[in-house]
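Asker: Take this structure first; my questions come after.
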Amino acid sequence: MKIIIINGPNLNLLGKREPDIYGNLSFEDFFKSLEDKYANLELVYYQSNIEGELIDKIQETGFSFDGIILNAAAYTHTSIGIGDAVKAIETPVIEVHISNTFAREEFRHHSYISPNAAGIIVGFGLKSYELALLSFLK
Ligand code: DQA
């Protein structure tokens, strides 16, 4: 089973960025632990700070991968283009957020991804990604 985690802007700074909200672990270290735990799966990780690159990656994997775990970060709340890309593809997308976006500022309550996501996992820290992964397993 081929699953890609796609992370949007500023998530390359995990571990350094606002650790009280996002924790102390870098995504690379977290991803290594996921790969070890789910060695039977083909896991891929991609991060970009650029909206168009995220759309390219969604299109590129959206007809061949079994699942996409997408944290579009701030673009969640602004990007019609990423929302449209999620709608355009065949691969199911699980939207994830590390923090509970609904407990934060009002502008984080709206998502352009959610209407076309197969599911949404919000507010469990980095565990949100693992819960999304588990949702793809039979
Ligand atoms: C985030 C929540 C977004 O509102 C924010 O812009 C992020 C991270 C999260 O994972 O909690 O960059 O997607």
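Indices start at 1 and increase along the chain as displayed.
Just so you know, glycine gets a Cβ as well, placed from its N, Cα and C.
Feature table excerpt (TrEMBL):
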ACT_SITE  Tyr22  active site, proton acceptor
ACT_SITE  His97  active site, proton donor
BINDING   Asn71, His77, Asp84, Ile98, Ser99, Arg108  substrate binding site
SITE      Arg17  site 'Transition state stabilizer'
Asker: If I take the alpha carbons of Ser99 (substrate binding site) and Arg17 (site 'Transition state stabilizer'), what is the distance between them in whole Å?
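Answerer: The Cα atom of Ser99 (substrate binding site) is 13 Å away from the Cα atom of Arg17 (site 'Transition state stabilizer').
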Asker: Compare the Cα of the residue listed as 'active site, proton donor' against each of the recorded positions Arg17, Asn71, His77, Asp84, Arg108 and report the nearest.
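Answerer: Nearest by Cα distance to the residue listed as 'active site, proton donor': Asn71.
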Asker: Just jot down the residues in the same chain as Tyr22 (active site, proton acceptor), at least 6 apart in sequence, with C-beta under 8 A of its C-beta; none if empty.
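Answerer: When sequence neighbours closer than 6 are ignored, Tyr22 (active site, proton acceptor) has Leu14, Ile98, Ser99 within Cβ distance under 8 Å.
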Asker: If you measure every Cα to Cα pair among Asn71, His77, Asp84, Ile98, Ser99, Arg108, the residues listed for substrate, what is the largest value in Å?
Answerer: 24
Asker: To which of the recorded positions Arg17, His77 does the lowest count of other Cβ atoms within 10 Å belong?
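Answerer: Minimum Cβ neighbour count within 10 Å, taken over the recorded positions Arg17, His77, occurs at Arg17.
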Asker: Which has the fewest other CB atoms in a 10 Å radius around its CB: Asn71, Ser99, the listed binding-site residues?
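Answerer: Candidates: the binding-site residues Asn71, Ser99. Fewest Cβ atoms within 10 Å: Ser99.
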Asker: Using DSSP and collapsing to three states, where does Arg17 (site 'Transition state stabilizer') fall: helix, strand or coil?
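Answerer: Reduced to three states, the DSSP call for Arg17 (site 'Transition state stabilizer') is coil.
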Asker: What recorded positions among Tyr22, Asn71, His97, Ile98, Arg108 have a C-beta sitting less than 6 Å from any atom of ligand 1?
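Answerer: Among the recorded positions listed, those whose Cβ sits under 6 Å from ligand 1 are Asn71, His97, Ile98, Arg108.
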Asker: Long-range same-chain neighbours of Arg108 (substrate binding site), Cβ under 8 Å, sequence gap at least 6?
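Answerer: Arg108 (substrate binding site) has long-range Cβ partners Thr76, His77, Thr101, Phe102.
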Asker: Please compare the recorded positions Asp84, His97, Ile98 by how many other CB atoms fall within 10 Å of each one's CB, and tell me which has the fewest.
Answerer: Asp84
